[in-house]
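I have placed the structure first, in the form of structure tokens, so that the comments after it can refer back to it.
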Amino acid sequence: MHRLSSPVAHALIPVAALIGIAFALYQWYLVSKIKVSVDNQTHENGNGNVNGENGIHEMEEGVDGLDVRKKCAEIQEAVSIGANSFLFTEYKYLGYFMTAFAVVIFLFLGSVHNFSTHKKPCAYDESKLCHSPVANAVFSCIAFILGALTSVLSGYLGMKIATYANARTTLEAQKGVGPAFIVAYRSGAVMGFLLASLALLVLYIAINVFKLYFHDDWEGLYDSITGYGLGGSSVALFGRVGGGIYTKAADVGADLVGKVERNIPEDDPRNPAVIADNVGDNVGDIAGMGSDLFGSYAESSCAALFVASISSFGINHEFPAMMYPLLISSMGIIVCLITTLFVTDFQKLTTIKDIGPALKNQILFSTVLMTGGVALVTFVTLPVHFTLFDFGREKHVKNWHLFFCVCSGLWAGLVIGYTTEYYTSNAFQPVKDVANSCKTGAATNVIFGLALGYKSVIIPIFAIAVAIYVGFALAAMYGIALAALGMLSTIATGLSIDAYGPISDNAGGIAEMAGMPHNVRETTDALDAAGNTTAAIGKGFAIGSAALVSLALFGAYVSRVGLDTVNVLNKKVIIGLLVGAMLPYWFSALTMKSVGSAALKMVEEVRRQFNEIPGLMEGTAKPDYATCVKISTDASIKKMIAPGALVMVTPLITGTFFGTETLAGLLAGALVSSVQVAISASNSGGAWDNAKKYIEAGASEHARLLGPKGSEAHKAAVIGDTIGDPLKDTSGPSLNILIKLMAVESLVFAPFFKAHGGLFFK
């Protein structure tokens, strides 16, 4: 088989990215054909139907179609304005942070050689002169800002797409489950393909622009490009934490007062926190999640590129082989496009029972197709034999070794996804057991939910362990970086099914607030229940890939600072291990308390309005939504600072004052501890949520015995769901960013720590 030439490799990456962007825009165009606003072309016939471009069907309870459209448009606008307002406020403060931290990067890295502008000998050939030390500082700053801006764009685009699609999904739910599912999934695909394609395209352009300065100094180039991953994850951390605090403060406040105390339905328009709750779905589950997975992709790519640059690919300047990680991502976009067409154009979904299998098949089909795609890329890109860096030694590798490295991560992701579904979907016994425990009250519900979360850790950890062993055995740290990329290679599909969930959740809220018939709410609830499971699967992918990414970055850091081994019996290492293992608990304490204190204010405000606004409970007066939105916004902006600072400052303090070995121990301890806590927290929360929905739906005899809404078992389920909210949407998802961010930050600042670190031990 002929190997890929450099010009062809140069062309394939941007072409794949542009195809992904074009496909996303096409999906957006299809969604936009569903009109929400009432225009002159929309007219009402004698039977009360609204017949326009989309032919909305007659509603069973005689609700005026024109009025429903108007209400949907108003609610959509309110949610969109709230989400826009929060994100602009958050991004304003993040702009200050990005500027300040870019200066820190320049000062730390520039001081390594006293801001020298003199060129130094090249690593690949000491007879040649390469870039000056200060250039590394400057280009690392540029890469950091570029990564941060791309992460901001990823989150913002995701939010805009979700707020654009929610009301359209509600209107299509009048036609049945099939049309509503297609709209929600197409909208999720817009986000999935835009983000995956933009991340690939921006990184590719950055590499080629940086190459204009670095020329043949590939080690210097890819050393500087690691700042791209740091910028992406820095924004993702604040986006996840801030968005998570926002959404869960509103959700907890709305549920505790609305459902438990006042016994009104979820998303009832009388509830003052209902708009803030729906805004939170977009800024937390959509914008935060988009930035998070962008950060994972950027870091795994940067880790793989850096390790390759100090191996034979970089030393011999083999461009197609060097671009192997980006070509894998390019193939992933094409594979995900094919699988998306299957569910949107070729498969007809007619019943509620078809939703779960349709989403699950997306993961399976993309994994199977991607396996063939990886084989093709591997054998046309890589030489048959080559050498890789292995902590000061050379490891002789064959091209098929890298095929198995990528596939180990790819299939580990599938195992994690299916395991997460088993433990969080109400179609399986674990969630039914949690629901059944609600018969005896909230305490037993909490006990069962915690046990489920702890047990759900077992299989994903074994899957990650197998991927690590295969990757390291076949291709050292480069193999682990490729395993992470393999898990993220189908990121477009993963994001599509992940974004589908919050869009469906918002659609249900709009249906309730607009007073739409019961059958519409049943349809949106079924979409939302499947969305809860897909969101849990998405979190599982994010956590699993974060473990592999952070381990690859850890290996790059260890090689960068010149450590041959990390000895756990060394006193410097073991204190780092203990402190690192403690960090996820400290971080979770900060985020959980932030949600709790914000929710406390929200509960008090919702109670005040119910008590003081005459006619609110009867539906004759409107609640003050704006005050609740302001409570969530203010709390999230203030409370995201402490957890963010903990993650950003800890590696700097550890490396500067305690040295490279202690920092290595810290990274290892944080990695091992955070993965377990993150998986258990996310799955416990997801199980509690779906146990509540299982009782509410009453789809089986067992569920009907526990219900209906308002029963003691249902109230216990709501309390469990409320406890799980900050676990699954704030603390759990943020922990995967903690381990990635600390690892990539340590890698970026590694030259400073190597030159000046360990002040206390000196």
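Placement of Cβ uses the backbone N, Cα and C atoms for every residue, glycine included.
Sequence annotations record features per position, and here TrEMBL assigns transmembrane segment to 12-31 (among others).
Sequence-distant neighbours of the transmembrane segment (93-115) (same chain, 6+ residues past either end, Cβ-Cβ under 8 Å): 133-134, 136-138, 140-141, 144-145, 148, 152, 227, 231, 234-235, 238, 637, 648, 652, 748-749, 751-752, 755-756. Annotation source TrEMBL lists transmembrane segment at 93-115 (among others).
Marked as transmembrane segment by TrEMBL: 135-159 (among others). Remote same-chain residues near the transmembrane segment (135-159) are listed as 83-84, 87, 91, 94, 98, 101-103, 105-106, 108-110, 115, 191, 194-195, 198-199, 202, 206, 210, 213-214, 220, 223-236, 239, 282-283, 286-291, 294-295, 298, 499, 748, 751 (criterion: CB distance under 8 Å, separation of at least six residues from the stretch ends).
Annotated transmembrane segment per TrEMBL: 180-207 (among others), in sequence order. Long-range contacts of the transmembrane segment (180-207) within the same chain: residues 13-14, 16-21, 23-25, 27-28, 30-31, 34, 143, 146, 150, 153-154, 157-158, 161-162, 164-165, 168-170, 172-173, 221, 225, 228, 286, 290, 293-294, 297-298, 301, 305, 326, 329-330, 332-333, 336-337, 340, 343-344, 349, 355, 358, 491-500, 503-504, 507, 523-524, 527, 531, each at least 6 residues beyond the stretch ends and with a Cβ under 8 Å from a Cβ of the stretch.
Here TrEMBL flags 294-315 (among others) as transmembrane segment.
Residues or ranges marked as transmembrane segment by TrEMBL: 322-343 (among others). Sequence-distant neighbours of the transmembrane segment (322-343) (same chain, 6+ residues past either end, Cβ-Cβ under 8 Å): 4, 9, 12-13, 15-17, 19-20, 23, 185, 189, 192-193, 196-197, 200, 203-204, 218, 297, 300-301, 304-305, 308-309, 313-314, 349, 358, 361-362, 365-366, 369-370, 373-374, 376-378, 381-382, 402, 406, 481-482, 485-486, 488-493, 496.
Summarising the annotation, TrEMBL assigns transmembrane segment to 363-388 (among others).
For the transmembrane segment (400-420), same-chain residues at least 6 beyond its ends with a Cβ under 8 Å from one of its own Cβ atoms are 324, 328, 360, 363-364, 367, 370-371, 374-375, 378-379, 382, 456, 459-460, 463-464, 466-467, 470-471, 474-475, 478-480, 482-490, 533, 536-537, 539-541, 543-545, 548, 682-683, 686. According to TrEMBL, the feature transmembrane segment maps to 400-420 (among others).
Annotated transmembrane segment per TrEMBL: 457-485 (among others), in sequence order.
Within the chain, the transmembrane segment (541-561) has long-range Cβ neighbours (under 8 A, six or more residues past its boundaries) at 223, 226, 229, 289, 292-293, 296, 299-300, 302-304, 306-307, 310, 389, 391-392, 409, 412-413, 416-417, 460, 463-464, 467-468, 471, 476-477, 480-481, 483-484, 487-488, 494, 660, 663-664, 667-668, 671, 675, 678-679, 682, 732-733, 735-737, 739-740, 742-744, 746-747, 750-751, 753-754. TrEMBL lists 541-561 (among others) with the feature transmembrane segment.
Same-chain residues lying 6 or more positions outside the transmembrane segment (573-592) and placing a CB less than 8 Å from one of its CB atoms are 241, 244-245, 566-567, 639, 642-643, 646-647, 650, 654, 658, 661-674, 677-678, 681, 726-727, 730-731, 734-735, 738. The transmembrane segment feature in TrEMBL is assigned to 573-592 (among others).
Within the same chain, residues 296, 300-301, 303-304, 307-308, 311, 325, 328-329, 388-391, 395, 397, 401-402, 404-406, 408-409, 412, 415-416, 419-420, 540, 543-545, 547-549, 551-552, 555-556, 559, 675-676, 679-680, 683 sit at least 6 positions outside the transmembrane segment (457-485) and bring their C-beta atoms closer than 8 Å to a C-beta of that stretch. Residues 4, 161, 164-165, 168, 183, 186-187, 189-194, 196-198, 200-201, 204-205, 323, 326-327, 329-331, 333-334, 337, 340, 344, 492 of the same chain lie 6 or more positions beyond the ends of the transmembrane segment (12-31) yet place their CB under 8 Å from a CB of it.
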